[in-house]
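Chemist: In case it helps, TrEMBL gives these features for our protein:
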- A:7-24: transmembrane segment (TRANSMEM)
- A:36-55: transmembrane segment (TRANSMEM)
- A:85-104: transmembrane segment (TRANSMEM)
- A:111-131: transmembrane segment (TRANSMEM)
- A:151-170: transmembrane segment (TRANSMEM)
- A:203-224: transmembrane segment (TRANSMEM)
- A:230-249: transmembrane segment (TRANSMEM)
- A:256-275: transmembrane segment (TRANSMEM)
- A:281-300: transmembrane segment (TRANSMEM)
Amino acid sequence: MRPDLRILLPVLSLAVLLALVFWLQPRAMSYRGLNLLFNLAVPIALATVAQMIIIMVNDIDLSMGTFVSFVACVTATFVHDTPVIGYLMLAGAVLAYAAIGALIQARDLPAIVVTLGMSFVWAGLAVLVLPTPGGAAPEWLRTLMTARPPFVPMAVIAAALIALVGHLIVMRSSFGVLLRGLGGNEKSVAKAGWSPVLLRASAYGLAGLFAVLAGMTLVGLTTAADANIALRYTLLSIAGVILGGGEFTGGRVSPVGAVIGALTLTLAASFLSFLKLSSDWQIGAQGAILILVLAARLLFARRARA
Amino acid sequence: MMNCKTFALAATAVTLACSAAADTSDKRIALSNNYAGNSWRQAMLTSWETVTGPAVSEGIVAAADAFTTAENQATEQAAQIQNMILEGYDAIVLNAASPTALNGAVKEACDAGIVVVSFDGIVTEPCAYRIAVDFKEMGRKQVEYLAGRMPDGGNLLEIRGLAGVFVDDEIHAGITAGVAEFPQFTIAGSVNGDWAQDVAQRAVAGVLPSLPEIVGVVTQGGDGYGAAQAIAAAGRPTPVIVMGNRQDELKWWGEQRDANGYETMSLSIAPGVSTLAFWVAQQVLDGASVPQDLTVPFLEITQDGLDEGLASTPEGGVANVEYSLEDAKAVIAGAN
């Protein structure tokens with residue numbers, strides 16, 4: 001698929017869903033309404049970009065949800081009480097992510113197994129840091145996430161900013177080109193004299209950084225944490241990447257698409273809730289929306305090839 | 001509402017007429033629930049339907065819709081609450097997935113002028129109302145009952161709930177306090193029954209061989225029947241097992257009573273507490289002065305009340321009680 005087509009479909013699905021939500025619930029068509037619809041999508045968008053960076057280098061991260069939960073627990077405890085130690089811990093977590101990437105490349109391990117194992121490590125650490133739900137959001141984070149800028153709600157600005165920064169790093173910088181090359185053709189990147197271990201480590205480190213931001217913004221929204229707070233993010237982030245036009249192999253991803261994918265998933269849940277659909281049907285209906293979009297993408301791709 | 005009260009003394013019919021004309025007739029209340037996968041939660045949702053249905057048709061409130069999240073996750077429920085804000089509900093009644101992770105969404109709701117009443121799974125956000133159960137007292141009371149039955153004391157077996165959950169810690173703390181108050185008892189052993197009969201049965205069967213003679217079993221609900229089965233299988237004399245209002249527990253108790261005059265007690269939180277939360281929300285909307293923290297009594301079944309409790313509990317269900325507007329007013333008055 002051509003890059004412009006890759007982004008067209010996610011934009012269209014988001015627009016259609018948004019129109020449906022506005023039609024069902026006109027109150028959503030306001031500054032406050034948009035903020036309520038999308039503010040919880042901000043951490044999901046960050047986690048989706050993190051997952052996208054992992055998928056970009058042909059891997060998949062099954063520990064995203066527990067890692068974001070762990071970061072949320074650290075943010076609500078150490079970053080709030082003793083900021084220096086808290087930020088050091090978060091920096092350590094990013095380094096740990098980079099080390100996992102290096103290990104996967106150096107020992108040629110399957111990422112799906114390593115990250116599944118790590119998910120238990122992060123879950124355990126989260127419970128250690130915060131055994132019972134609680135903690136508090138750092139003041140500046142709370143202020144940032146509840147800010148009311150003029151005209152455009154914070155949630156929309158944040159989503160646009162994440163998409164822009166993701167786009168600049170992944171699509172426009174030479175670093176991004178190298179990382180995509182690692183996913184597209186590892187051998188040629190290695191032949192050009194770049195160390196695949198170093199590259200995969202930096203890809204994981206970058207993903208870890210975005211995931212840390214996801215956990216921090218989540219705490220800014222919820223004001224407190226809980227060791228299970230973001231377990232859903234693993235599957236949401238993978239679905240968001242694919243919904244946003246990304247592919248599991250070959251370094252073919254789109255940061256703007258990933259952010260739009262995350263927004264679409266959040267919106268789909270709200271849409272089903274406004275429809276007053278029984279909860280027994282909601283998971284199935286969410287899946288149906290996903291399949292619908294992917295089917296449309298296949299059709300687009302065939303037409304483009306023809 | 002003030003002048004209605006004087007009429008209400010004369011005739012109950014007038015009270016009905018008055019409440020129908022109350023200020024809340026155009027108010028809409030939503031129930032936000034995070035989980036529906038066990039008998040307790042099913043009973044909770046059924047009670048909500050039973051009580052709010054007539055309340056809506058009588059015009060006391062305009063709507064009382066129940067929503068359950070598709071997955072038991074705090075982030076899902078936070079999004080659900082924000083959707084309720086968008087839909088313009090006047091009050092949200094909440095059984096929360098996490099005591100803290102919903103605080104941001106709850107604050108958003110309060111800021112939008114929405115009344116938030118949490119029950120069972122309560123939230124810590126100060127602007128919300130909390131209807132909590134005194135779980136500690138639930139634990140202490142069991143030891144007190146046993147002390148009444150057996151003044152000489154003896155060894156107790158404690159069956160705990162799911163490790164790491166707030167409710168388990170609270171009931172356990174109550175039992176510990178009870179044992180300190182009645183030092184003739186000692187906790188000889190403690191197992192995790194996870195509030196499920198099969199888990200409790202396995203856990204008790206595993207620990208029994210290492211225990212001395214047991215005179216009583218203190219429980220958390222959903223584990224008494226399993227304990228009884230394990231003890232019977234081991235060929236030991238049946239101790240006094242405190243029950244937790246589940247139908248299978250009450251049935252076993254009834255059978256034992258008929259066979260050999262077995263005596264015990266049963267206590268647990270009634271799933272109908274959702275209806276108390278509904279009326280509290282209605283009262284707040286009506287302008288009543290309600291303290292932020294309310295305590296709801298737990299539901300206790302004694303030897304005399306066993307037949308009645310058993311008759312009113314559906315097969316595989318939990319003994320339940322639904323609250324009326326008058327009950328809610330009494331709870332609020334008691335706390336004020």
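Each residue, glycine too, has its Cβ placed from N, Cα and C.
Looking at the shown structure, can you explain where the listed features end up?
Modeler: A Cβ distance under 8 Å defines the sequence-distant neighbours of the transmembrane segment (A:85-104), meaning residues of its chain 6+ beyond its ends; these are 57, 59, 67, 70-71, 74-75, 77-79, 110-111, 114-115, 118, 197-198, 200-205, 207-209, 211-212, 216.
Counting residues 6+ beyond its ends, the transmembrane segment (A:111-131) has Cβ neighbours under 8 Å at 54, 59-63, 65-67, 69-70, 72-74, 76-78, 100, 103-104, 225-227, 234 in the same chain.
Away from its own ends, the transmembrane segment (A:203-224) comes close to residues 39-40, 42-44, 46-47, 49-51, 53-54, 56-57, 61, 64, 67-72, 74-76, 79, 90, 93-98, 100-102, 104, 133-138, 141-142, 144-146, 158, 166, 169, 179, 182, 230, 233 of its chain (Cβ-Cβ under 8 Å, at least six residues beyond either end).
Long-range neighbours of the transmembrane segment (A:256-275) within the same chain, counting only residues 6 or more positions beyond its ends whose Cβ lies under 8 Å from a Cβ of the stretch, are 6-7, 10-11, 13-14, 17-18, 20-21, 24-25, 37-38, 40-41, 44-45, 47-49, 51-52, 159, 162-163, 166-167, 236-237, 239-246, 282, 285-286, 289, 293.
Counting same-chain residues at least six beyond the ends of the transmembrane segment (A:281-300), those with a Cβ under 8 angstroms from any Cβ of the stretch are 1, 5, 8-10, 13, 239, 242-243, 245, 264-265, 268-269, 272-273.
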Chemist: Take the C-beta pairs under 8 A between the transmembrane segment (A:151-170) and each of A:7-24, A:36-55, A:230-249. Which stretch has the highest count?
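Modeler: Answer, by Cβ pair count: A:36-55.
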Chemist: Give residue numbers and ranges for long-range contacts of the transmembrane segment (A:230-249): same chain, 6 or more residues beyond its ends, CB-CB under 8 A.
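Modeler: Residues 1, 6-7, 9-10, 13, 43-45, 47-48, 50-52, 55-56, 58, 60-66, 68-69, 72, 119, 183, 214-215, 218, 256-262, 264-265, 290, 293-294, 297.
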